[in-house]
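Straight from TrEMBL, the features:
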- 26-101: domain 'Mur ligase N-terminal catalytic' (DOMAIN)
- 111-297: domain 'Mur ligase central' (DOMAIN)
- G113, S114, N115, G116, K117, T118, T119: ATP binding site (BINDING)
- 319-445: domain 'Mur ligase C-terminal' (DOMAIN)
Amino acid sequence: MIKRTLNDIAEMIQIENDLSPYGKKEIQGVSINSREITPGQLFIPFKGERTDGHQYVSDAIEKGAAAAFWQEDVPNPPTHLPIIIVKDTLTALQELARAYRNQLSIKVVGITGSNGKTTTKDMMANLLALKYKVQKTEGNYNNHIGLPLTILALEERTEVAVLEMGMSGKGEIDFLTKLARPDATIITNIGESHLQDLGSREGIAEAKLEIINGLKSDGLMVYMGDEPLLRNYFDSYEGQATVKTFGRTEQNDLYPVNIQQLDNGSKFQVNASEVEFTLPILGMHNVLNALSAMIVAQHFNVSFAEMEAGLVKVRLTNMRMEILQGQNGEKIINDAYNASPTSTQASIELLANLPGYKKKILVLGDMLELGADEERFHEEIGLSICAENIDAVFTYGRLGHLIAKGAKEVLSEDRVFAFDEKAPLIEELKKHVNDETIVLVKASRGMKLEEVVEGLQ
Ligand SMILES: CC(=O)N[C@H]1[C@@H](OP(=O)(O)OP(=O)(O)OC[C@H]2O[C@@H](n3ccc(=O)[nH]c3=O)[C@H](O)[C@@H]2O)O[C@H](CO)[C@@H](O)[C@@H]1O[C@H](C)C(=O)N[C@@H](C)C(=O)N[C@H](CCC(=O)N[C@@H](CCC[C@@H](N)C(=O)O)C(=O)O)C(=O)O
Ligand SMILES: Nc1ncnc2c1ncn2[C@@H]1O[C@H](COP(=O)(O)OP(=O)(O)OP(=O)(O)O)[C@@H](O)[C@H]1O
Ligand SMILES: C[C@@H](N)C(=O)N[C@H](C)C(=O)O
């Protein structure tokens, strides 16, 4: 984590404060939450939806914070305390992170895409940790606040930082990538996430492609080559970066062969090696996520034989294809972190192809932020369900009724159940599960469908 004096920090964010007598006081790390302060940190207050962090500056320092920022338009700064007056605390956080990143002799991998950023980040970190001291985005800290916090948590001796870059609007990735200045970048896919804000998949692709704006000129750009919106862009790309593709088809630089679906993951080989890889994470989409990380790992001189050891140890951030056990002996795939049409289709494909279960049940909730076509997207999900592979569908939420409507076109009505409340859904679902059943649970973050998973356990 960042360790600098207050004088250093004033210089790094280019402000002129008389910090005496505190100028030589050193901070260790940064926090935006006084409830989580650890000794020596710099506390950065934000005006939030529920309260203003400036109310907690004195409290933070009493709890051991070494110093705090204070936004100049907030009255009554506690001048008797070690504080740095700034024009805007968010900008100060971001510029401190930018300056710190530029002082570090570190390689950076930036990962974006509609789906799979967090998963790919976890896989990437595992592969690079075989050879390097690696730090990565924790959880989903991937935006204009989370990414700067992640950078400021980097140790001076860290060799590679794996940073997740999220967005829900144009210009957001451009800001993040120019701050992080990555040496390698990945675009996992182009789905429909945040379509409401971006207007079209073309708009989503344009926003994701901003990641190349911060890529080092001799850097590596890796993208999902089966996506026409990306391939069309790179077919006329004239930049100096090395461009590599991954995907299902042989048009890509790296693609999987001899894929075996296991009950807890996949075995596969790739076109560029004889090594057989085992990925203890379900789903073909996660094989693709692994391929993107493997291309970057190869760029960092990690061998395929070493990658085999790295992939077999991958453990994902929770609620992504998390395999759990229910009260009645059923297996549960908790994939409830988030959902869009692309990620939901990937999960339905996974469940349909999973060997070893007599009964397979889908529990699907609303997919949010999809814009004007949201109802069509949900009905199409229902229509896509294959009656031969899926035994029952339970839906939750207003838009879940549209999934049910589509599902009833392909499954008999007695195999489709739509609910507006979680408790009755859980009660009915328990009647349908036993030790030969597997249940997959998926919806957007805002639906909190993990509460259904908890109801089964
Ligand atoms: C600034 C902050 O901390 N926000 C979080 C806070 O929000 P809220 O406004 O409710 O804060 P409060 O009013 O409660 O408090 C104000 C501040 O005061 C501090 N404080 C309060 C009380 C106290 O006793 N002491 C205090 O110090 C407090 O800490 C505040 O700083 O709480 C919300 C609920 O927990 C958080 O959600 C909110 O976090 C915001 C959203 C945030 O951006 N956090 C980042 C660190 C982050 O990276 N969060 C990720 C999610 C990122 C994300 O959604 N990514 C998108 C893509 C990017 C979209 C982009 N357009 C965007 O807007 O994000 C994606 O799809 O992945 C995470 O948490 O997982
Ligand atoms: N390559 C992929 N293609 C389609 N769906 C995917 C892919 N990778 C992951 N998913 C699905 O997306 C869900 C979210 O995965 P993950 O958290 O890694 O993505 P993310 O991009 O970080 O998501 P978010 O933007 O919501 O934070 C997973 O539970 C999985 O269902
Ligand atoms: C908060 C934003 N990153 C997100 O995940 N939106 C989804 C669609 C949700 O809120 O469920």
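Every residue, even glycine, has its Cβ placed from backbone N, Cα and C.
Cβ proximity to the ATP site centre (mean Cβ of G113, S114, N115, G116, K117, T118, T119, cutoff 8 Å) flags the following additional same-chain residues: I111, T120, T188, N189, N289. Around the Cβ of T119 (ATP binding site), 26 further Cβ atoms fall within 10 Å across all displayed protein chains. In this view, N115 (ATP binding site) is surrounded by 22 other Cβ atoms within 10 Å of its Cβ, with every protein chain counted. For the domain 'Mur ligase C-terminal' (319-445), residue counts in helix, strand and coil come to 48 helix, 30 strand, 49 coil, using DSSP. Counted within 10 Å of its Cβ, the other Cβ atoms near G113 (ATP binding site) come to 27, all protein chains included. The secondary structure of G116 (ATP binding site), as reduced to three states from DSSP, is coil rather than helix or strand. Within the same chain, residues at least 6 positions away in sequence whose Cβ sits under 8 Å from that of G116 (ATP binding site) are T188, N189, H285, N286, L288, N289. Residues in the domain 'Mur ligase N-terminal catalytic' (26-101) partition by DSSP class (helix H, G, I; strand E, B; coil) as 26 helix, 18 strand, 32 coil. The average pLDDT for the domain 'Mur ligase N-terminal catalytic' (26-101) in the predicted structure is 97.
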